[in-house]
Amino acid sequence: MSQVLVVTSGKGGVGKTTSTAAIGAALAMNGSRVAVVDFDVGLRNLDLVMGAERRVVYDLINVVQGEAKLQQALIRDKRLETLYLLPASQTRDKDALTSEGVARVMDDLRESFDWIVCDSPAGIERGALLAMRHADVAVVVTNPEVSSVRDSDRIIGMLDAKTAKAERGEYMEKHLLLTRYDAARAERGQMLKVEDVLEILSIPLLGIIPESEAVLNASNVGCPVTLTAADSAPARAYIDAARRLEGDVIPMMIPADKRVGFMGKLFGRRAA
Ligand SMILES: Nc1ncnc2c1ncn2[C@@H]1O[C@H](COP(=O)(O)OP(=O)(O)O)[C@@H](O)[C@H]1O
Ligand SMILES: [Mg+2]
């Protein structure tokens, strides 16, 4: 059965696009057929992070508007046979994404893919609502800082109220992905503690992704970090997160300060 997953946050710059690419690739590495879909009309970032920007001919809006077939717009990944990208338009108006059109594209994608991973734009307006609309499961990307946690809390409210699943009276499955986690700053008390974020948002933890140069390098070479640096700490955390989405139970690790040199295990919390 296919699953539509939305990667959302409210706030911009927290790591949604990075996480969409990394989790999408990790799910495809496990053999699933995966489509990553860029809903961030106007910014068009996901194609860059996937290294597919020169191959974009048609995009999500063309398919929504009936100007291109889904198969014409999907771009197969150069590295993984089961990974595809449906890019966003850089030039078209956001309003060209009609809600009926998006519903039809999501239905079509469900026919061919195991996972459809939707990269949401920032904010809590129309674009973000369209991205979450057809989701079966949500990954709420949050940085350990007050403004990000506050925006995530608002997004959780939207997920429970404004999605098709919520309107059918069904429970919306939500997972917290804590990203850009800086162990040294956490230890100095300059960031919110993992426990505090969990307490405020009260949704299960899917993973903690450390702040890492490996993510920036991956972005620069146009390859998801889970493919280009699979042994790096952020990639391993993303790979574990993808396995948890597939139902595996894996111990949760809190990245520790490198100078201390060990990985702390998070006891007393059940993994998502
Ligand atoms: N774990 C990380 N370590 C270091 N930089 C990161 C990490 N996650 C994201 N970034 C960087 O933060 C910036 C914003 O990330 P992005 O995924 O585009 O966020 P969003 O899609 O939420 O706006 C990018 O420059 C990205 O490379
Ligand atoms: Mg983005």
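The backbone N, Cα and C atoms fix where each Cβ goes, and this holds for glycine too.
The domain 'CobQ/CobB/MinD/ParA nucleotide binding' annotation in TrEMBL covers 5-222. According to TrEMBL, the ATP binding site annotation covers Lys11, Gly12, Gly13, Val14, Gly15, Lys16, Thr17, Thr18.
Only Gly13, Thr18 of the binding-site residues listed as Lys11, Gly13, Thr18 bring a Cβ under 6 Å of any atom of ligand 1; the order follows the sequence.
Proximity to ligand 2 at the level of Cβ atoms, with a cut-off under 6 angstroms, picks out none of the binding-site residues Lys11, Gly12, Gly13, Val14, Gly15, Thr18. Ranking the binding-site residues Gly12, Gly13 by how many Cβ atoms sit within 10 Å of each one's Cβ puts Gly12 at the top.
Averaged across the domain 'CobQ/CobB/MinD/ParA nucleotide binding' (5-222), the predicted model reaches a pLDDT of 95. Taking the mean position of the Cβ atoms of Lys11, Gly12, Gly13, Val14, Gly15, Lys16, Thr17, Thr18 as the ATP site, the remaining residues of that chain whose Cβ falls within 8 Å of it are Ser9, Ser19, Ala122, Val141, Thr179. Neighbour list (Val14 (ATP binding site), Cβ cut-off 8 Å, at least 6 residues apart, same chain): Val141, Thr142, Asn143, Ser148, Thr179, Arg180.
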